[in-house]
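Would you mind keeping the following structure in view while I ask a few things?
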Number of protein chains: 2
Amino acid sequence: MANFELTREYIENLRLLIEQKDEETLLQLLGELHPADIAEIYEELSIEEAKYLYFLLDDDTAADVLIELEEEDRLRFLKALPSEVIARRFIDKMDSDDAVDVLSELDEERQKEVLSFLNDISVAGDIVDLLHYKENSAGGLMAKELIKVKESWSIITCLRSMRRQAEEVDEVYFVYVVDNDGILKGTLSLKKMLLSATDTIVKDIYNPDVISVNADVTSEEVSNIMNKYDLVVLPVTDSIGRLVGRITIDDVVDVMREEAEKDYQLASGITHDVEVSDSVFRHTKARIPWLMIGLVGGLFGSRVISVFEGNIDDNPQVAFFMPLIAAMGGNVGIQSSAIMVQSLASGSLGIESNLKKLLKELSVALLNATALALLVFAYNMAIGSVFALTLTVASAMFSVVMFASLFGTFLPLFLHKLKIDPAMATGPFITTLNDISGMFVYLLLAAYFFGVFV
Amino acid sequence: MANFELTREYIENLRLLIEQKDEETLLQLLGELHPADIAEIYEELSIEEAKYLYFLLDDDTAADVLIELEEEDRLRFLKALPSEVIARRFIDKMDSDDAVDVLSELDEERQKEVLSFLNDISVAGDIVDLLHYKENSAGGLMAKELIKVKESWSIITCLRSMRRQAEEVDEVYFVYVVDNDGILKGTLSLKKMLLSATDTIVKDIYNPDVISVNADVTSEEVSNIMNKYDLVVLPVTDSIGRLVGRITIDDVVDVMREEAEKDYQLASGITHDVEVSDSVFRHTKARIPWLMIGLVGGLFGSRVISVFEGNIDDNPQVAFFMPLIAAMGGNVGIQSSAIMVQSLASGSLGIESNLKKLLKELSVALLNATALALLVFAYNMAIGSVFALTLTVASAMFSVVMFASLFGTFLPLFLHKLKIDPAMATGPFITTLNDISGMFVYLLLAAYFFGVFV
């Protein structure tokens, strides 16, 4: 199976086949595809077409496709199906972490109904356990399916038990070693098993250096740990160290990607996760809130400027540099806040004291502010601006860059302390604040210098 | 081994022990740590302290720590070591992909020297092969170490061969199935092996649905494929389909993270990868280029405004709304470009035609522009601004939002076509361009409306 590329021709052909109800050809086409590809195709079809295709799939594939669908599309499907079908056709075929993801999108009433239709009580029990965890925690990310062996077993006993356990698990990456109380002791690599005699005791060959997390740890921390230690699977324990589940890297990659996209979008002034192919309404909804903040801020800024109407009337050149000062405040503020946001997100703030961080940011700001102020000073001298204007622009540039740097550094830290996403501090919010304060400082300095020199 | 948290106390204690040359306690402390933790500690120590610690480590750990170090720190170390030590102590102990990463940081002369000191000619051969691939391609990401079996073998033959192969491979995730010419045919899951009788032939049980990539594919594409299909390992083939290596998800996670951080930083106007803990000089160097673009743009903008000095002199209220119009152009432009950049990066542009995309973006822009223009119109009516100003601000808002949306959408597409990173189109660059053009349109409209109505 090569990597599949969706084309318009492919979709058109598929639509034709659906219209002709050509089951045979369709089944053959679908058979060649990965569930992720089928999910991609679904998003290009009408609901009716998609439904028709969906019921051609076997149960396992149908469950996999459901997981790969976008949340909205999935919800629409689930709403249209009776609880029994959801239970037997989907939940029963899924890994426990996926089952929980799907179930948690339904309301509580519906969840209970679906669970009551599950055949296997142990599957239902696992899912109920998992539903207790917060979505953004290690417990919310983990699956119950894993392979574990006791430290007292021999390799041959392990193999026998693993055969049984493997029937429930999709892929075997690691074998976990526990003691009689179920406390996680370490891992047994498949490589070690391949290389050891069959009567070797697990205790003598397992690797006790296992990195694990408590189920309450946040998914951000999970992602940082798996990334730092280059892990593919991370075992999860309860508060007394018993092995309760495992998190695989693909789920964490999704978390990471969403986190990075969210930060990027906040920095760009977009509130929802939108893609080019989303509807006009969704695009507008994602963009308008930040534009409103910009608008209100700008209107407020216009009031600030109007206070200085007399000055502008007397010296209209003051207006020339207003957009420059406003823009530089915004630019510097975004830079400073972006660096903080990224360091907070990756947990790489280091062990420097806050005082040292403050001093460093002050030095960077001082360097940038001095350089930029000198440049505009030289520019205004060169083009022969009046001296009051030259002084105003240079000193306003200096103040604005200093202020925006410090503000951009400390606002994310402050939000982080308040448990608000520090990424809120980037983008239009900080630009607007710096625009207004920059304008105010600039016009105040203009009033002062033009008062002294003119 | 629990998750390690670096504290200032820990570092101070370690420094004291290094000063006292207390080898025994240090070895005990280091023994408890993961190479990634040791690398983290190194970044807090002086070069002399770090070197002392480094030579206490055994070869395998030393090699792992080297990989985990930041590129700069690693280079400093490597420069100080003779080629023979690099070859025997590091390269020989590493997976081929890591070995290539380290080697490619050295100059060509040094690479050859190091390679000549390798004991195992097949390791050296693998590395030379890998050095041919571009860093940002599947070939550049892959490692040569993998476990493969022939489709004609029985399970028992496989196990015997795998025991031999496993000695060279760190972790076994998948067993690849090839034919007699080495062409990749599929995978054999360890689960299937556990569940099958030992005389079963591979041909009868292997899974032929394997997703693979050609070695020339870009790392961006590799990351999209692994993400879409939730893969942990991806086999790499040459142009005739022979299995030549495999890429593991942890290497791709690094690529993804770097890619996301770079986009985020470009959107925030930062050129290099900087962290809070980096030096003042590095911070300044990362920030000043974009500030210069903002400065030059702003100064150019001031020239544009000065052309309209007469208008401002006659009607100083025109100046009140200049920062608002400039800021809104910037905000809208960043939103539009961010959505395009993200869609281009994730390959999720969909199969809509360019015309349809244009029409959609036009609709979104029209909605936003109309809403914002009506709002500022109402605002100016409410505060009783002169009618010429009210009309100017509203119509400028409309034009600026329309223009910035379209510009923000098409600039990234255009850069992408030119094979320039579209993320360059976000951040200060687009803000500045939209600032200037917004200012120009606004003042032009002001000149017109004040000419007509006043």
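For all residues, glycine too, the Cβ spot is worked out from N, Cα and C.
What TrEMBL lists as domain 'CBS' is A:206-262. Summarising the annotation, TrEMBL assigns transmembrane segment to A:288-308, A:320-341, A:362-382, A:388-415, A:436-453.
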Find the member of A:288-308, A:320-341, A:362-382, A:436-453 that has more C-beta pairs under 8 Å to the transmembrane segment (A:388-415) than any other listed stretch.
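Looking at each of A:288-308, A:320-341, A:362-382, A:436-453 in turn, the most contacts to the transmembrane segment (A:388-415) are made by A:320-341.
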Count the Cβ pairs between the transmembrane segment (A:288-308) and the transmembrane segment (A:436-453) that lie under 8 angstroms and are 6 or more residues apart in sequence, then report whether there are at least 3.
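Output yes: the transmembrane segment (A:288-308) sits against the transmembrane segment (A:436-453).
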With DSSP helix as H/G/I and strand as E/B, how many residues of the domain 'CBS' (A:206-262) fall in helix, strand and coil?
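Its residues fall into 24 helix, 16 strand, 17 coil.
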Same chain, outside the transmembrane segment (A:320-341) by at least 6, Cβ under 8 Å from its Cβ: which residues?
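Non-local partners: 263, 267, 301, 305, 361, 365, 368, 372, 376, 389, 392-393, 396-397, 400-401, 403-409, 411-413, 422-423, 425-427, 430-435, 437-439, 441-442.
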